[in-house]
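The annotation domain 'Peptidase S54 rhomboid' is assigned in TrEMBL to 37-168. Sequence annotations record features per position, and here TrEMBL assigns transmembrane segment to 45-67, 79-97, 103-120, 127-144, 150-168, 180-199.
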Amino acid sequence: MSYTLIGINVLLYLLEWVTQGVVYQALAYYPPFTAVEPWRMITSAFLHSPTSILHILFNMYSLFIFGPIIENLVGRWRFLALYLLAAFGGSVAVLLLAPGAVVVGASGAIFGLLGAFFVIQRRLGGNNMQLVIVIGLNLVIGFVVPNVAWQAHLGGLIVGAGVAAVYLATRRPRQKGAQIAAVAGIAVALVAVTIAAVTL
């Protein structure tokens with residue numbers, strides 16, 4: 001699944017160039033469009049800035065490194081749910097904290113993977129210091145470097161950690177129903193926050 005996601009991101013990046021901005025304009029997330037085009041909250045996570053090759057290179061490198069590890073630990077479909085919910089959480093954070101921004105990039109989802117890996121490593125008793133440094137540095141970069149959506153990073157990180165915590169708490173086979181319900185609950189909560197932010 002990790003390599004499939006990388007392929008989709010690369011394909012859409014190439015299409016952004018070929019279509020000269022048409023794909024970008026159709027799928028990027030702009031919070032004022034949330035009520036009428038809510039799918040942008042997810043599709044934007046598969047786009048990257050056409051003016052910066054480093055944007056997609058960094059995100060895809062991170063997905064290449066961390067994706068297979070987490071996917072092997074939680075399983076293919078749980079990994080996909082984690083990735084998409086983290087991307088969604090990143091967009092929700094942008095909606096709440098930067099409602100006038102135009103956002104693209106897998107960074108929210110990537111930070112979700114980092115948050116999930118932190119939770120899993122902590123549970124397994126692994127050394128998280130290097131991971132904490134990586135997360136901390138990237139959060140700081142988001143705050144000090146212009147045109148970086150730190151809101152998406154923060155939202156993705158929180159949601160990713162939360163989903164991983166659910167996976168760990170409901171990892172026994174007999175808890176499958178509870179796990180599905182809890183993950184669905186996170187999705188419903190994100191939808192509810194989105195609706196509230198749009199309508200209030």
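Along the chain as shown, the residues are counted starting at 1.
Placed from the backbone N, Cα and C atoms, the Cβ positions cover glycine too.
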Same-chain residues at least 6 beyond the ends of the transmembrane segment (45-67) whose Cβ lies under 8 Å from its Cβ atoms: 1-3, 5-6, 8-10, 12-13, 16-17, 21, 23-24, 27-28, 79, 83-84, 87, 90-91, 104-110, 113-114, 117
Contact ranking winner - 103-120, 150-168, 180-199 against the transmembrane segment (79-97), Cβ under 8 Å: 150-168
Cβ contacts under 8 Å made by the transmembrane segment (180-199) with residues that lie 6+ beyond its boundaries: 34-35, 38, 41, 81, 85, 88-89, 92, 95-96, 99, 159, 162-163, 166, 169-170
Residue distribution over DSSP helix, strand and coil in the domain 'Peptidase S54 rhomboid' (37-168): 104 helix, 1 strand, 27 coil
Segment confidence, the domain 'Peptidase S54 rhomboid' (37-168), expressed as mean pLDDT: 88
